[in-house]
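As C-alpha cells, the structure follows; a few thoughts come after it.
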Amino acid sequence: MGADAIQTNGGDPAKLTVVEGIKRLRCAVKNYEWGKLGHDSLVARFHEANSGNRVDPAVPHAELWMGTHESGPSHVVNEEELGSGHEGSECMFTLKSWVTDNPDVLGSRVVDKWGCDLPFLFKVLSVTKALSIQAHPDKALAEKLHKEEPLLYRDANHKPEIALAITPFQALCGFVSLKELKEVIANVPEITELVGSKAADQILTVNEKEGDESIKPVVRLIFTQLMSASNNETKQVISEMKRRLITEKNHRELSEKEKLVLELEKQYPGDVGVISAFFFNYVKLSPGEALYLDANEPHAYISGDCVECMAASDNVVRAGLTPKHRDVQTLCSMLTYKLGYPEILKGFSLTPYITRYLPPFDEFEVDHCDLPTGKSTIFPAIPGPSVYLVIEGKGKLQTGSSQLLVNRGDVLFVPAHNEIHVAGESDGMRLYRAGVSSRFFQTL
C-alpha cells in the first residue's frame, strides 16, 4: 500500500479501527524549579494535551517522561479509549507491566540484550533556569553508586544521552581546549585566587605536544581544587569577579561567556558552578541541531526546549548550580577530562520528510518527521519498539489496514515489526520517534 493510501473506514472518526498493538500513552511530568512556567513551557502544553489536565500558570513544567522508568512511568490508555478518541478515561496499567506481559512487542533481540523493558527513556525539556553542572556515570560506576547509595542513585544503569533542540537551546558541555583554558586562567584572576598559583601555573606551562596523558591530570587537578573550595571563599571570590566584570562592562564589550557567567550568578548567587562555567564549552544549538553526551562528560543545560533521549536511567552526579545533593569528589574523579568542542549532530535524511539522529550508543536513536500540508511518509518496520510524540498539527498513523487519528501531545508506543504510514492533515504535522539504535540491529 502506498504512503498516501490511508484507509478511512467510511470516513467516520468515531468508527476508526483500534490499531492492533499500538498503545496511546499518558505520560509523567516533572515540576523541577528550573522549568518554564505555565503555558510558556512546551512540556506544559504537551502534558495538557496528553492528559487533559489544565496547566497551573504558577507551576514550572520542566520534563515530560515517556517510557518505563520507575521514577516517571508512562501508563497505557485502555483499548476502548484508543478506539473512540475519548479523552480522560482511567489509565489501567503501566507501560512497564504491559511490555513485561507482552515481551514480543519489544522484539527478540531487545529482550535478549536488555530484558523485558524499554532500553531508552524519551523526554521533552523546557528550561528557563540553568540545570546543575553534572555528569552521568558509566555502567560500572552506576552499579557501584546504586549499591552504596540507592536513595541517591536510583538504578544501576549508565545514561548516555542526546538533546535535540526544538527551540534555540543553550548548554555548557565538555571542557574547553587547552588554548582557551590557558586564556581563562590568564584573564580570570579569581580562579587563581581559589585554586592557588601552583595549580594555575601548571595549566599555563603545560604543552599541548605533551599529549593527553600529561594534560588531563593537570586539568583534573585544577578543576577538582576549584570545585572543592570552601563556600565562604567561593562566595567572596565570585562577588569580586562580579564587581570586576560590571566595572569592565563600562569600558569594553564583555565576551559571551562573561555575560553568561553574570546571568548564572543571578540565578545561583555565590555558587561555585558560576565560576566553573569558564571551564566549559558554551554551546548554542539551533532548532534541528543535536548534542550527544557520553558517560562521564560534564554538562549543564542553560535554556530552551529540546527532546532528549537516553539509556533508561535517572542517575545524575551533581556538583554545582543546584540546591540538590552535591557529590563533588565523585564528579571530579569520574570525568574523562577530554578537551575541545563537542560534536554537533545535524542528522541525515531517511526520506524527504524524516531526519535521523544516530549517536554512537546502542540503546537509542531519534527521528524527526516534518510533514507539509497533505503529504505522507513511511517509517519502515524495525525489529525493536518505538515511541512517537506529536509536537505540532494533526494527522493519521496507519499500520496494516488500521489507522489512528493523532494530535499535538499524543504519545504512542509502537511494537516491533510495524511499518508506520504517517499522513498530515490541513496544517501539516511534526513528530519525533525514539527507538533502539538501527546500528544495534545491524550487528550480529
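Keep in mind that glycine also has a Cβ here, set from the backbone N, Cα and C atoms.
Features as listed in TrEMBL:
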{"type": "ACT_SITE", "residues": "Arg318", "note": "active site"}
{"type": "BINDING", "residues": "Gln134, His136, Glu161, His299", "note": "Zn(2+) binding site"}
{"type": "DOMAIN", "residues": "23-175", "note": "domain 'Phosphomannose isomerase type I catalytic'"}
{"type": "DOMAIN", "residues": "194-279", "note": "domain 'Phosphomannose isomerase type I helical insertion'"}
{"type": "DOMAIN", "residues": "358-401", "note": "domain 'Phosphomannose isomerase type I C-terminal'"}
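Sequence-distant contacts of the domain 'Phosphomannose isomerase type I C-terminal' (358-401), counting only residues of its own chain at least 6 positions beyond either end whose CB sits under 8 Å from a CB of the stretch, comprise 3-4, 6-7, 17, 19-22, 25, 42, 46, 66-67, 99, 105-110, 113-114, 118-120, 122, 124, 160, 162, 164, 166, 288, 290, 292, 294, 307, 309-312, 345, 347-348, 350-352, 407-441.
Within the same chain, residues at least 6 positions away in sequence whose Cβ sits under 8 Å from that of the residue listed as 'active site' are Ser132, Ile133, Gln134, Lys324, His325, Arg326, Asp327, Leu331. Looking only at the domain 'Phosphomannose isomerase type I C-terminal' (358-401), the predicted model's pLDDT averages out at 94.
Cβ neighbour count for His136 (Zn(2+) binding site) (all protein chains, 10 Å cutoff from its Cβ): 25.
Note on His299 (Zn(2+) binding site): other Cβ atoms within 10 Å of its Cβ, all shown chains, come to 23. Apart from the site residues Gln134, His136, Glu161, His299, the chain places the Cβ of Ala135, Lys159, Leu293, Glu297, Pro298, Val316 no farther than 8 Å from the centroid of the site's Cβ atoms, the recorded Zn(2+) location. Sorting the domain 'Phosphomannose isomerase type I helical insertion' (194-279) by DSSP state (H, G, I as helix; E, B as strand; all else coil) yields 68 helix, 0 strand, 18 coil. Over all protein chains present, the Cβ of Gln134 (Zn(2+) binding site) has 24 other Cβ atoms lying within 10 Å.
Break the domain 'Phosphomannose isomerase type I C-terminal' (358-401) down by DSSP state and the numbers are 0 helix, 25 strand, 19 coil.
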